[in-house]
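Here's the structure we're looking at; comments come further down.
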């Protein structure tokens, strides 16, 4: 990278040291030409410290990294090198300068640019030019370089975006993963809903990132719930679902991989997986035709009645349910007589028998003798009034699912309405308890009235709907839709709006005979300018009225005299926000009052936002910095961090400064080390240079009060944490350790010690003697070392600070002169009255080792000897950042198993480190002569005998070079360590269908895979089969929600003669333009057809798709399970097909 000076230094009246500093931080304008170019297409990042600054402004709510900085220039460099960054805030407060990196800008989030005294806002300006400024060396396809570090996890596909005002890259996630970096595993329908899915249908879920299976998900029927279908059968197929089928024991699955309505029973391993992610189960009737209707419906908590894990001890008993409705007989939070025992009865209710249970199946409509409901269905026990058994084609479903844990939904009660004028629909008691969204009958021409009521002391709410009177035709509220789906009619859409307190209005549309519902979080009252003239749209506002007396059609507030509109019953406000119900007919329906550090409609935006380092690493950044955790001790979600251990458990992987919260909700900063010891994370409590040793003498002991030194600002030269913070961290720690020169070398096991706080507690235990033998896990001083041993330790307030004297062994195990003699009275890890220059706390050492039985690795570094001056390995950089010296850069390379070499550069007094995934051994032609660069290869040696400078493998006898300890292979790949000094350090063996160095690339097997990974634009796509051969297929993603279609044949009428009786999909045929999909004459090659068949469940035929798209006039669709045109050979020429 190259910088060009474009403004002269204008300050001459101050001393020379300040002149230089100010020249760097204030008076220079930089333009960076970044070496990321396409053919004739290059990107530059210009920067003008003065010209780009927006004074007294900052972008709020989008900070993902903040740190202390030296100048806007350094902040700009951090932003440029982190592809998540679109802008930054620069602040100066109390003589400290702060840098905040934003993952948004005023282009993407204009309303978040706020006035802030003392702040400066900078947008990351990006230009793309036609003129090549820097050659692309060996990579002519690069654009902005953001995908080089593979920020997309779990096989996600990274796409670089070269639009100056947008994000810089995007991740298209594989099936069963979601999130900005594909970091979220979708393990159930609940996860799919939490990730934003809202159209019910078939979805793929993941089992431990290894196996996937399909499940039918219902997202729409009950606000806040998502349901996984586990069983469905028609009355005609009841014989397959009898007494041998119970969920709590093994059973033979029925179409276990292909959910359907006629005969389906999920495989039991999949059932157990879904059970682990569910809280409720339910039974429904005719979902495939009616959706959810709360007549002939039941729901129960798995906690109260677990049909999967608990083994019944009796055949029938009263079981607890949240709601039961059979033929209009209903009860809430009650018991019902239930039969369920293997070998006797499958799961079902007999509504004829009440016994001592609450539910009475004949209270309003009499049961037939022995009537079976939701299962069994003996011929003599079938009631045609029960919706599951009205005909042979009627179906019964069993589901498991639950509420989303990350989203709050409101409890809504719908009133019981007496039968009135024609077209009025009675809303049942169940709908009051469970928030109905699907009435049984809807009129399309008569007005329909819905009433919902909540009352407070002297104040009640009524919501009503008249389809004809309330409609505003050819109108639509634009820009405020938060949910859209296919619907039956305006009434159903309106009821969804009633049941979601976000909703203030709806848009109803009919396109190609499909009816769509859009819920708006605004209305023409709150967003008047958003109501537009849109042909064939119908707009309805939610009509709300409030009265001082509860009318007879509104449910009385029997258990909650403070209710008003019910929107705060299940608090929708996150992060400790307080919900306030608003009973104004033209306003929003609730408001969240947010605690400090949170903002947004639901308090969902953290102003000082925590971003886990897993996300940071995923986006290609390894910069250490400040990250703020959630300040809310009343919540135990994953955002609250009590120590470095909590950050590591939450996925953080880059060592650096982090903010933790103590038991009094006080925040403080601590430096966290996550890398040095697998399985450990460490909190820095003290650090000092030798020149500052006088500050850390005999009055400093951890077990008694002391004067903190820079206690709020961790640093390496003189730092002692405040004692309350120390005590808090002790309560979350098990070990302590001492290191030398961590700021330069990281953790090196020469001149190192570690002890258990249980054996030797330096913080809570008060010593009774000045010096004694203390127990340690490991001690190494100048390569004199011992494991699980004692060492002579001095520690007593007023006499000695904590330290070891390696010259004095006494009766302890550790001998400080075993292999290298100590000097007289030598002090180690403190005091330093007597200094040995061989001890690393005052010298430089750079070595790391892992050992295997008979084979060990040594990585060493000598700055002058190993330097390749004016050399640079080009086109293999996977990480670059500002560094302090070559040693630090080399240590980063040691600790990242991808790294084989480094480039070290100094430009404009700033030192840069580039880590390479190649070397001159693996990529000889990439080593170029670059003036001012220094190239170092990672020097690795292997021996058959453990040298004395390598830590023995006391607890892990299988380690070699350590690269497989934290498996770098994604998507189930197997990591193999490679102990060859000139090769890569590990290799990934990838499962099908993944490839790539880290198994990060998922090959696309069908159009379904493309849709599952985020593709939305129909067109030509490349497919990979099981032989890794690729071919093109036209994919249709748009025409049918939840479906993706692969084109296998197309022809116009004039070419019909090419597609006659010699063409059948179930036998060999001559392909027509088989590699080039087109509309006039195309027949896919048969091997490709067979491959696509293995990944498909349906086939269809359409007319004029190339001009009209999918129109459901002149159209057919069939299940391949019912009518397989590819695998099954017909035995007759003409027959009725399903």
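Each Cβ is built from the backbone N, Cα and C atoms, and glycine gets one as well.
These figures come from a predicted structure and were not determined experimentally.
Per TrEMBL, the features are:
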type: DISULFID; residues: 173-182; note: disulfide bond
type: DISULFID; residues: 594-603; note: disulfide bond
type: DISULFID; residues: 990-999; note: disulfide bond
type: DOMAIN; residues: 42-126; note: domain 'Apple'
type: DOMAIN; residues: 147-183; note: domain 'EGF-like'
type: DOMAIN; residues: 460-544; note: domain 'Apple'
type: DOMAIN; residues: 568-604; note: domain 'EGF-like'
type: DOMAIN; residues: 856-940; note: domain 'Apple'
type: DOMAIN; residues: 960-1000; note: domain 'EGF-like'
Between residue 182 (disulfide bond) and residue 990 (disulfide bond), the C-alpha gap once rounded to whole angstrom: 18
Spatially closest candidate among 173, 594, 603, the listed disulfide-bonded residues, to residue 990 (disulfide bond) (Cα to Cα): 173
Per Cβ pairs under 8 Å, the stretch of 42-126, 147-183, 460-544, 568-604 packing most closely against the domain 'EGF-like' (960-1000): 147-183
Integer mean pLDDT for the domain 'EGF-like' (960-1000): 80
Candidate with sparsest Cβ neighbourhood (10 Å radius) among 173, 603, the listed disulfide-bonded residues: 603
Annotated stretches the domain 'EGF-like' (147-183) and the domain 'Apple' (42-126) touching (3 or more Cβ pairs under 8 Å): yes
Spatial neighbour of residue 999 (disulfide bond) that is closest, considering only the disulfide-bonded residues 173, 594, 603 and their CA atoms: 173
Ranked first among 460-544, 568-604, 856-940 for CB pairs under 8 angstroms with the domain 'Apple' (42-126): 856-940
Cβ atoms near residue 990 (disulfide bond) (within 10 Å, other residues, all chains): 22
Cβ packing number for residue 999 (disulfide bond), 10 Å threshold: 22
Residue 182 (disulfide bond): tally of other CB atoms within 10 A of its CB: 27
Rounded Cα separation (Å) that holds between residue 603 (disulfide bond) and residue 173 (disulfide bond): 28
Neighbourhood of residue 594 (disulfide bond) by C-beta distance under 8 A, where only residues 6 or more apart in the same chain count: 573, 575, 577, 600, 603
Collapsed DSSP category at residue 603 (disulfide bond): coil
Local backbone state of residue 182 (disulfide bond), from DSSP in three classes: coil
